[in-house]
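TrEMBL has this to say about the protein:
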type	residues	note
TRANSMEM	6-24	transmembrane segment
TRANSMEM	45-66	transmembrane segment
TRANSMEM	78-95	transmembrane segment
DOMAIN	81-214	domain 'Fatty acid hydroxylase'
TRANSMEM	135-157	transmembrane segment
TRANSMEM	301-319	transmembrane segment
TRANSMEM	325-343	transmembrane segment
TRANSMEM	371-388	transmembrane segment
Amino acid sequence: MKLEYIALAIPFFVFFMLLEYYISQKRNKKIHQFNESIANINVGIVERITDLLTTGSFFFAFTWLHQNWAIFTIESNWLTWILLFLATDLVWYWYHRFGHEINLFWAAHIVHHQSDDFNYTAAARITVIQAFARGLFWSILPIIGFPAEMITVLLLIHGTYPFFTHTQLVGKLGWLEYIIVTPSHHRVHHSSNPEYLDKNYGDMLIIWDKIFGTFAEEKAEPKYGLTKSLGSHSFLWQNFHYFLELMVAVRLAPTFKQKIKVILGSPNNHDPRIRTLLERKLSQKVTHIQYSKQLIRAIKVKTLTTIGVLFITILFSHYISKPNLWLLTAFIIFSVIITGAMLEQKRWIFHLEFVRFSILCFIFNETITTLYTTTLIVIVYTMVLLFYNSINSKYQKVIFAN
Ligand SMILES: [Zn+2]
Ligand SMILES: [Zn+2]
């Protein structure tokens, strides 16, 4: 049986998230908010499923670059592995730094910094757009001459290590603080305290920050999240608000040169009033929502189900037909959009639930195609359409009743 073992990363990371939650409860440390944790996990879920569809293309691109453009011939031995490790970490430092210093890259990286919480669930906040930006920077490595197979191993290490730096439960680590990126260093990076801004970009080694002058030691208690908190848990808004803000800023810039300056300029010069304007227009600012027990239960069940579907889809991806793989991806993306909107108590989610139901019907039909099953699906689908309004009002009552 050919299983996709990368799926095991899901229970692995979920285990540590639960363990951290358990330990923090025992120590009476309040480091998790329900809505923040769900929003964080939602971003991670979509990154995992889109990764499944795109990782192959990175490997293909790295192989192509290596075969056609490699400057040196690099064989795999202990010295080249060390060199590659140093090279990837240095490339990561600059990819991450540009992610903070250039608006276009910040639009993708901002998602990683939106959580006002700092725990293992925040580590899951990586988007596929960010993965593409990372791929772009890493393209330098096959051009230098490192084979794609070696780079892929390093990508796995760089995908795992930073997860463990997102915690408040681990204090300073003695002499290790001088060499590797520790939770203490990364707490500084995720803080909006003025003295901590744009500091500690390193992924595994802290030496780059010391060399390039961006190091800060954790002294004062960090205040996590963006300087201007997003105040939204909507998956769509979190992923695309800064791109929209940039579009508005580009439109407002009078000359072509200034438009380019907006895209490649520093986020520090971005006008914060644009977000307020968009929030008002798209009614995005949501404050002080009281969650009913039913709503919390529904969100928990939905999130666990989505994680389960994600795990099974990745694990058995070699046995799933291409149309079903796309349908399952759509199902997972709609699921997280729904739970994100549930956190904001958006009433329109029922229509998305209907889309999700339609996707399920297609998956069912694609998996078992007989005259009986197709007829059954058509009957059930017609019934749902006929009673659409009454199902909707029942749904609203169950989910949003206090
Ligand atoms: Zn960052
Ligand atoms: Zn981080």
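Numbers here mean position along the shown chain, with the first residue as 1.
Note that Cβ sites are derived from N, Cα and C of the backbone, with glycine treated the same way.
Keep in mind that TrEMBL annotations are predicted by a computer and have not been checked by a curator.
Source: prediction; values computed, not measured.
Broken down with DSSP, the domain 'Fatty acid hydroxylase' (81-214) shows 90 helix, 3 strand, 41 coil. Highest Cβ contact count with the transmembrane segment (301-319) among the listed stretches 135-157, 325-343, 371-388 falls to 325-343 (criterion: pairs under 8 Å). Cβ atoms under 8 Å from those of the transmembrane segment (135-157) belong to residues 58-59, 61-63, 65-66, 69-74, 76, 80-81, 84-85, 87-88, 91-92, 94-95, 98, 204 of the same chain, restricted to positions at least 6 beyond its ends. Counting only same-chain residues 6+ beyond the ends of the transmembrane segment (325-343), those with a CB under 8 A from a CB of the stretch are 35, 38-39, 42-43, 45-46, 49-50, 52-53, 233-236, 238, 289, 291, 295, 298-299, 302-303, 305-306, 309-310, 313, 317, 349, 352-353, 355-356, 359-360, 362-363, 366, 399. Mean model confidence of the domain 'Fatty acid hydroxylase' (81-214) amounts to 95 (pLDDT, 0 to 100 scale).
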